[in-house]
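Written below as structure tokens is the structure these notes are about.
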Amino acid sequence: MFTAVAPPQETLPRDLVGAIQSLKKELNAVILAHYYQEAAIQDIADYLGDSLGLSQQAASTDADVIVFAGVHFMAETAKILNPHKLVLLPDLEAGCSLADSCPPREFAEFKQRHPDHLVISYINCTAEIKALSDIICTSSNAVKIVQQLPPDQKIIFAPDRNLGRYVMEQTGREMVLWQGSCIVHETFSERRLLELKTQYPQAEIIAHPECEKAILRHADFIGSTTALLNYSGKSQGKEFIVGTEPGIIHQMEKLSPSKQFIPLPNNSNCDCNECPYMRLNTLEKLYWAMQRRSPEITLPEATMAAALKPIQRMLAMS
């Protein structure tokens, strides 16, 4: 559940970054931002990372206020880990197509049809789905977590079918997959990937495991956003075709300014494939959220208590 406020009518300060820094001190706040946020937000964040890193930071912060520049399931996770702290999300409409693809009631029925199965849910899901899960995972640790389970343990993996299939291939484990997907990674075009490879024959193809198999089979490296960033920095390659949300390219260019990064387009005429939900957050909205102490993330106590256990299990197994 989210607490909304009317759009602000006041004038923005001229020095927006300076005003945000002042509010951060006043509130004893920390700004956590995902790699898919706009560059201006990435540059002002106290911690920038992928879902695993952001969860670890949320679990360990001593700040009184958490300003989460990401999407709602990320802010929910921060609230679950910090039930007594103020957690702010700049735009309440910053949802997630993957999380939306797994409705709690339908998933509960799906779970009942597969008794004796342990439920591993990708962190890109709602608090209600987390509460129905045994272990949460991220793209950084999904393979590692599955490898720690007994070989005869039956597994449900939700909600991303592409990540689930990738984990099955990496571990050799059979899993029952919920058929959800991410609109960004689902719509990358193999045809346009091959066209780019012809245009940039020396380019390495790096891709997120949420991509379809048609994309991953061409990849030189597959990994989480953090893994892709690290690989691009260490590789001797000079050109990279990037198969994930292009927000990460800002950090890739900062890490390796002499290298070229080409965003993989989708099937439309767009030359990139931005997440429309991630891009709802702006520096201006972040300022208003801090200035007004709202919109605040709130969740039922019972849901938070149930969802906390699988998150803690993930952190312990990572």
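Cβ atoms here come from the backbone N, Cα and C positions, even for glycine.
Quick caveat, the model's predicted, so the values are computed rather than measured.
The iminosuccinate site recorded in Swiss-Prot includes Ser51, Tyr122, Ile123, Asn124, Ser139, His208, Pro209, Glu210, Thr225, and the single candidate from His34, His72, His114 that the record places there is His34.
When each of the binding-site residues Asn124, Glu210, Cys275 is scored by how many other Cβ atoms sit within 10 Å of its Cβ, Cys275 comes out lowest. Distances between the Cα of His208 (iminosuccinate binding site) and those of the binding-site residues Cys96, Cys182, Cys275 are shortest for Cys182. The binding-site residues shown are His34, Tyr122, Asn124, Glu210; of these, the one with its CA atom nearest the CA of Cys96 ([4Fe-4S] cluster binding site) is Asn124. Other Cβ atoms within 10 Å of the Cβ of Cys96 ([4Fe-4S] cluster binding site) number 21 in total over all chains. Apart from Cys96, Cys182, Cys275, the residues listed for [4Fe-4S] cluster, the same chain places the Cβ atoms of Val71, Ser97, Leu98, Ala99, Asn124, Ile183, Val184, His185, Glu245, Tyr277, Met278 within 8 Å of the centroid of those Cβ atoms. Considering only the binding-site residues His34, Tyr122, Asn124, Glu210, the residue whose Cα is spatially closest to the Cα of Cys182 ([4Fe-4S] cluster binding site) is Glu210. According to DSSP, His34 (iminosuccinate binding site) is assigned to a strand segment.
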